[in-house]
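I have placed the structure first, in the form of structure tokens, so that the comments after it can refer back to it.
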Ligand SMILES: NC(=O)C1=CN([C@@H]2O[C@H](COP(=O)(O)OP(=O)(O)OC[C@H]3O[C@@H](n4cnc5c(N)ncnc54)[C@H](OP(=O)(O)O)[C@@H]3O)[C@@H](O)[C@H]2O)C=CC1
Ligand SMILES: CC[C@](O)(C(C)=O)C(=O)O
């Protein structure tokens, strides 16, 4: 395994180039602002709407996707994965300059064959292992988030140097960048968000909260115990691994951790995780997500509505209002 840090990347490779960041959402705003602060010329490609207004307010030159692509030496596609193939066909592909580099932060569309770029373009990936808002926040703090780098096509012979410079521009080489493939990034990223980081954690939190409230305990205590304190425990793991977290908690908690954890994450759960991974590997999950979007997201919307009505959301909103230091940054 090869790791890359600041000293391995040369920003000069991108000097004098125009980078079009297509999309100004979670990743788009963060990567665009970091690249600008790293000294690069960045333009934004969008449709008219909320993000357009925000990007202008943040001082960027904003163009339609077609116009931004036509100006750019590097085109970073930071649109929602489910829209990328359509926008690519309609607005990106017809306007790409000869020799322009295509950049992604997630391999979904390339790996599952939804976007097939012409062989004359370098196609690279720089994928921050972080939500966009923390890509920006950590950069501003002088730190950074780790990232993955991959080269899918190297038409110029310089694709990896360009990817490293881009990774440095957004702050990832401060924390460490691992070289990978589009396949490995796509499969591990989808697995992580489904089984652990998003799907796994939210179900664990709700199951704990529901168990306590169903037994008659106060919902506010259940919220602090199962959601709020989770962040504080994860912070310790982030800083020093599982051992440091266990060093900080009481021995009673640590004994409970050893005795009970495996009753919650059982062999059955691990078997299910393997099944989830195989559905990612064989394209079943991708197919289901692509089709869900083609029919207007009925399942996504129904579940999303129901999730927002869960008691933990109402209790949390009330409690967070009393903690001005806990702020949502949009
Ligand atoms: N969210 C994250 O932290 C992470 C995301 N990624 C990857 O980054 C990429 C971007 O994801 P994310 O930042 O979450 O996306 P968001 O949904 O946060 O933002 C999408 C942006 O695209 C714009 N947009 C949507 N449709 C169009 C269109 N048809 N034409 C022009 N602009 C459009 C939106 O603008 P509007 O206001 O007009 O809707 C918005 O600015 C994805 O590939 C994702 O997998 C990778 C790592 C982490
Ligand atoms: C965990 C979700 C994520 O994979 C991420 C922030 O890295 C995403 O795609 O948003």
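Yeah, the Cβs are placed from backbone N, Cα and C, and that goes for glycine too.
Just so you know, TrEMBL annotations are computer predictions that nobody has curated.
If you look up TrEMBL, you'll see 106 marked as active site. Cβ environment of residue 106 (active site): 81, 125, 127, 185, 186, 189 lie under 8 Å away, each six or more residues apart in the same chain.
For 24, 25, 26, 27, 47, 51, 132, the entry in TrEMBL reads NADP(+) binding site. Residue 47 (NADP(+) binding site) has a Cβ environment of 12 other Cβ atoms inside 10 Å. In three-state terms derived from DSSP, residue 47 (NADP(+) binding site) belongs to neither a helical nor a strand segment and is classed as coil.
The substrate binding site annotation in TrEMBL covers 250. Residue 250 (substrate binding site) falls within neither a helix nor a strand when secondary structure is assigned with DSSP, and so counts as coil.
The domain 'KARI N-terminal Rossmann' annotation in TrEMBL covers 1-180.
The domain 'KARI C-terminal knotted' feature in TrEMBL is assigned to 181-326.
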Candidates 26, 250: member of the binding-site residues with the richest Cβ shell (10 Å): 26
For residue 27 (NADP(+) binding site): DSSP state (helix, strand, coil): helix
Rounded to the nearest Å - Cα separation of residue 25 (NADP(+) binding site) and residue 250 (substrate binding site): 41
Distance [Cα-Cα, Å, rounded] between residue 27 (NADP(+) binding site) and residue 250 (substrate binding site): 38
Proximal residue to residue 250 (substrate binding site) among binding-site residues 24, 26, 47, 51, 132 (C-alpha distance): 132
Binding-site residues whose CB lies under 6 angstroms from ligand 1, from 24, 25, 27, 47, 250: 24, 25, 27, 47
Residues that sit under 8 angstroms from residue 132 (NADP(+) binding site) by C-beta distance, when 6+ apart in the chain: 25, 26, 27, 28, 29, 30, 31
